There are 2 protein chains.
Amino acid sequence: MLKDIVLAEGSGFCFGVKRAIDIAFDVAKKHKDGVFTLGPIIHNPQVVEKLKDLGVYPIDDIYGQNIKTLIIRAHGIPKEKFEEIKKLGIEVIDATCPFVKKAQNLAEKLASEGYQVLIIGDKEHPEVKGIFSYAGEKAVVISSDEFPILNKKIGIIQQTTQPMSKVKEIVSKIVNSHNEFEEIRIFNTLCNFTSRRLETTEKVAKQVDVMIVVGGKNSANTTQLAKLCKSIGVKTYHIEDAQEIDKEWVESAKKIGITAGASTPQWIIDEVIDKIKKFTN
Amino acid sequence: MLKDIVLAEGSGFCFGVKRAIDIAFDVAKKHKDGVFTLGPIIHNPQVVEKLKDLGVYPIDDIYGQNIKTLIIRAHGIPKEKFEEIKKLGIEVIDATCPFVKKAQNLAEKLASEGYQVLIIGDKEHPEVKGIFSYAGEKAVVISSDEFPILNKKIGIIQQTTQPMSKVKEIVSKIVNSHNEFEEIRIFNTLCNFTSRRLETTEKVAKQVDVMIVVGGKNSANTTQLAKLCKSIGVKTYHIEDAQEIDKEWVESAKKIGITAGASTPQWIIDEVIDKIKKFTN
């Protein structure tokens with residue numbers, strides 16, 4: 001019996017990731033040597049290998065290599081690192097996601113206007129480290145309930161992939177615990193595509209027996225998708241590729257849902273669908 | 001037996017009211033005729049009568065009188081009215097409370113920068129009518145749960161005498177119900193003196209058997225003090241002057257608390273204390 005398989009709309013590569021990959025392939029065509037990306041362009045080994053074949057190599061740091069052109073990946077990098085690179089006379093191709101750039105710019109503007117900048121997000125995430133570097137001395141990253149001492153004038157922004165529900169919860173808590181504020185200014189720096197993917201995933205998860213979430217185990221936005229599905233109460237499996245799928249997961253299900261994180265290429269999603277079809281036909 | 005009587009700190013005339021009265025008496029000294037206040041300078045007949053003796057008369061509107069000098073009271077007036085007065089060539093003495101002026105200025109600034117201005121307050125209150133006139137076409141006054149359709153970019157200010165707890169509650173609801181905001185900007189335009197009086201009143205109300213709240217029955221800030229005391233569970237009487245006090249209210253109480261609204265003169269508070277002492281000695 002052919003199973004009913006539903007793929008959440010907007011699964012896979014997001015706008016910022018697609019753009020960064022396009023930029024990298026474009027640079028590979030035009031430049032012959034000395035082209036690098038600072039960190040892997042996305043958390044996907046196949047894409048990274050393909051770029052290597054074209055002469056674009058990922059590096060961890062800017063020293064010890066003869067770098068002519070350096071591509072900044074979608075997450076962005078800290079301000080100090082950017083300045084360091086410029087000083088070395090390296091040509092910079094900035095593929096920072098425009099949503100992340102917006103957050104960086106707002107962080108810098110708020111800090112320069114005297115606001116204490118609060119960033120809702122994961123302080124270990126490269127994107128947040130980048131935004132934080134623009135947010136001035138008083139900046140704080142907030143991920144849950146432990147609030148810092150709040151200044152009278154605060155500006156709140158977010159890591160682009162945070163869920164809106166969490167942002168609202170934290171902002172409400174800040175408003176309610178801040179007794180002597182002069183001004184609280186909240187900018188929405190969430191990525192539309194991520195919010196949309198969370199919505200479509202929720203919709204699918206509510207109508208299926210099993211959810212297969214595809215993407216890096218260390219990918220924040222994929223982990224968030226898996227967490228969301230589990231919170232709805234549907235049986236959820238988080239996998240990195242089709243090889244991991246167990247026949248038992250899907251054979252007894254009537255309807256199977258699939259969603260995928262922002263750095264999951266379409267061909268991995270296709271393989272997952274094929275494998276499920278094979279197991280359930 | 002002499003009863004224990006506790007007066008809440010900061011009871012009576014607030015900073016803005018004191019300032020407006022001082023300005024009115026000062027103008028009365030310098031100008032000989034044609035001096036008016038637009039509306040009574042405060043909601044207290046005795047003060048108004050005293051100013052009349054000095055040649056300062058309250059009027060409801062600017063027409064039909066030979067006005068040379070017009071005093072704007074602490075609540076402020078709508079922008080259009082201000083411009084109308086200026087056009088008539090009348091000398092304006094602006095005794096608008098600096099806290100109210102700040103709210104008017106912020107309303108105008110936010111509107112000019114494209115924000116939809118939300119004013120938390122009572123839309124029938126003269127102060128709010130004044131602030132609203134500066135807040136642009138999209139402005140809305142919010143007093144409870146009925147929210148308007150919210151624009152993507154909103155600026156929130158408050159009537160100066162609103163309680164902070166209500167402001168926080170409404171702001172939280174706005175943040176939680178607004179799904180597609182770009183920016184939410186909240187300025188604290190509450191009056192420090194009013195907030196302080198609410199705090200000291202709460203402190204007193206928690207330690208007494210009876211609370212006597214002194215001030216106009218139609219005074220918003222006095223009504224708010226009475227409401228606060230009742231919510232704490234203490235027996236509360238809202239009076240306008242000492243004549244209203246009933247012996248029965250106080251004779252069996254061990255400890256009696258007193259608080260007074262922003263337009264209650266000190267001598268009325270003194271009379272209330274004397275009356276209670278008389279009843280309980």
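Backbone N, Cα and C define each Cβ position, glycine as well.
TrEMBL annotations: computationally assigned, not manually curated.
TrEMBL lists A:His43, A:His75, A:His125, A:Ser219, A:Asn221 as binding dimethylallyl diphosphate, and of A:Ser177, A:Ser263 the one it places in that same site is A:Ser263.
All protein chains included, A:Asn221 (isopentenyl diphosphate binding site) registers 24 other Cβ atoms within 10 Å of its own Cβ. Minimal Cβ crowding within 10 Å, among the binding-site residues A:Thr160, A:Ser219, is found at A:Ser219. Among the binding-site residues A:His43, A:His75, A:His125, A:Ser219, A:Asn221, the ones whose Cα is located within 10 Å of the Cα of A:Cys97 ([4Fe-4S] cluster binding site) are A:His75.
Of all the binding-site residues in the list A:His43, A:His75, A:Thr160, A:Ser219, A:Ser263, the shortest Cα-Cα distance to A:Cys14 ([4Fe-4S] cluster binding site) is found for A:Ser263. With every protein chain in view, the residue among the binding-site residues A:His43, A:His75, A:His125 whose Cβ has the most Cβ partners within 10 Å turns out to be A:His75. Taking only the Cα positions, the spacing between A:Thr160 ((2E)-4-hydroxy-3-methylbut-2-enyl diphosphate binding site) and A:Ser219 (isopentenyl diphosphate binding site) is 14 angstrom. What surrounds the (2E)-4-hydroxy-3-methylbut-2-enyl diphosphate site, by Cβ distance within 8 Å of the Cβ centroid and not counting A:His43, A:His75, A:His125, A:Thr160, A:Ser219, A:Asn221, A:Ser263, is the set A:Ala74, A:Glu127, A:Thr161, A:Ala220, A:Gly261, A:Ala262 from the same chain.
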